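Engineer: Structure below; questions to follow.
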Amino acid sequence: MASEITYAEVKFKNESNSLHTYSESPAAPREKPIRDLRKPGSPSLLLTSLMLLLLLLAITFLVAFIIYFQKYSQLLEEKKAAKNIMHNELNCTKSVSPMEDKVWSCCPKDWRLFGSHCYLVPTVSSSASWNKSEENCSRMGAHLVVIQSQEEQDFITGILDTHAAYFIGLWDTGHRQWQWVDQTPYEESITFWHNGEPSSGNEKCATIIYRWKTGWGWNDISCSLKQKSVCQMKKINL
């Protein structure tokens, strides 16, 4: 009896392929976090804050400028009014220079005009110490005279009394360091000292005085002595 042979079909599932196929499937993408633009550190909020700050600064600057302009305009008006009030007490000379935009060069009454300055020799009763003389000039908007040229020296001496001495705006600050009251640099080449002067370290104020043999020149004396003086101020242009 022939034996029966039974055939069975056996199929094997390829697990590796299945696993491989599973592994190659794309993973689900992660969701990116959305930034909240309303948070304090966001660029838009910083930009807004910066613009507000710049606006406030601009407003502040504008207000300050308006206030400054108003005060400056007021000062000009007051200065103009003061000149108008003083005009009746001024002695004026018409300018002949076409380069000057102002027509008149003026000095207060009793003052003398020379160059760009006005000069005043106070009255006989006005003798005072050097400090007091400077104070008297200052109250008139002037200072003790500062001499810067031979021409100026000659003009000043031409209006002085040869029998008196006059304080000028030169004083010794210490160790023979001479200084002008208006801070003009002191230059040895533009000085008019008498021979042998200055002569004493204790005499710290300068006068202009006439000597019979040598004429007008400068002399140092004690600041506390009472002398006449010469005041100087810038001319007024109208």
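Positions of Cβ are set from backbone N, Cα and C atoms, glycine also.
Per Swiss-Prot, the feature topological domain 'Cytoplasmic' maps to 1-48; the stated evidence is sequence analysis. Feature annotation from Swiss-Prot assigns transmembrane segment to 49-69; the stated evidence is sequence analysis. Feature annotation from Swiss-Prot assigns disulfide bond to CYS107-CYS118, CYS137-CYS231, CYS205-CYS223; the stated evidence is sequence analysis. Marked as domain 'C-type lectin' by Swiss-Prot: 126-233. The Ca(2+) 1 binding site annotation in Swiss-Prot covers VAL146, GLU152. Residues or ranges marked as Ca(2+) 2 binding site by Swiss-Prot: GLU197, SER199, GLU203, ASN219, ASP220. According to Swiss-Prot, the alpha-D-mannopyranose binding site annotation covers GLU197, PRO198, SER199, GLU203. What Swiss-Prot lists as N-acetyl-D-glucosamine binding site is ILE209, TYR210, ARG211, and the listing cites similarity to another entry.
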Engineer: Among CYS118, GLU197, GLU203, CYS205, TYR210, these being the recorded positions, pick the one whose CA is nearest to that of CYS231 (disulfide bond).
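Structural biologist: When the Cα distances are compared, CYS118 comes out closest.
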Engineer: Listing them in sequence order, which of the recorded positions CYS107, CYS137, PRO198, CYS205, TYR210 have their Cα within 10 Å of that of ASP220 (Ca(2+) 2 binding site)?
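Structural biologist: So far as Cα distances go, the recorded positions lying within 10 Å of ASP220 (Ca(2+) 2 binding site) are PRO198, CYS205.
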Engineer: Among the disulfide-bonded residues listed here, CYS223, CYS231, which has the most company in the form of other Cβ atoms within 10 Å of its Cβ?
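Structural biologist: In terms of Cβ crowding, the pick is CYS231.
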Engineer: Work out how many Å separate CYS107 (disulfide bond) and CYS137 (disulfide bond) at their Cα atoms, rounded off.
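Structural biologist: Counting only the Cα atoms, the answer is 14 Å.
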Engineer: With every protein chain in view, how many other Cβ atoms are within 10 Å of the Cβ of ASP220 (Ca(2+) 2 binding site)?
Structural biologist: 23
Engineer: Write out the long-range same-chain contacts of ILE209 (N-acetyl-D-glucosamine binding site), meaning residues 6 or more apart in sequence whose Cβ is under 8 Å from its Cβ.
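Structural biologist: Those within reach of ILE209 (N-acetyl-D-glucosamine binding site), by Cβ under 8 Å and sequence separation of 6 or more, are ALA164, ALA165, TYR166, HIS194, TRP216, GLY217, TRP218, ASN219.
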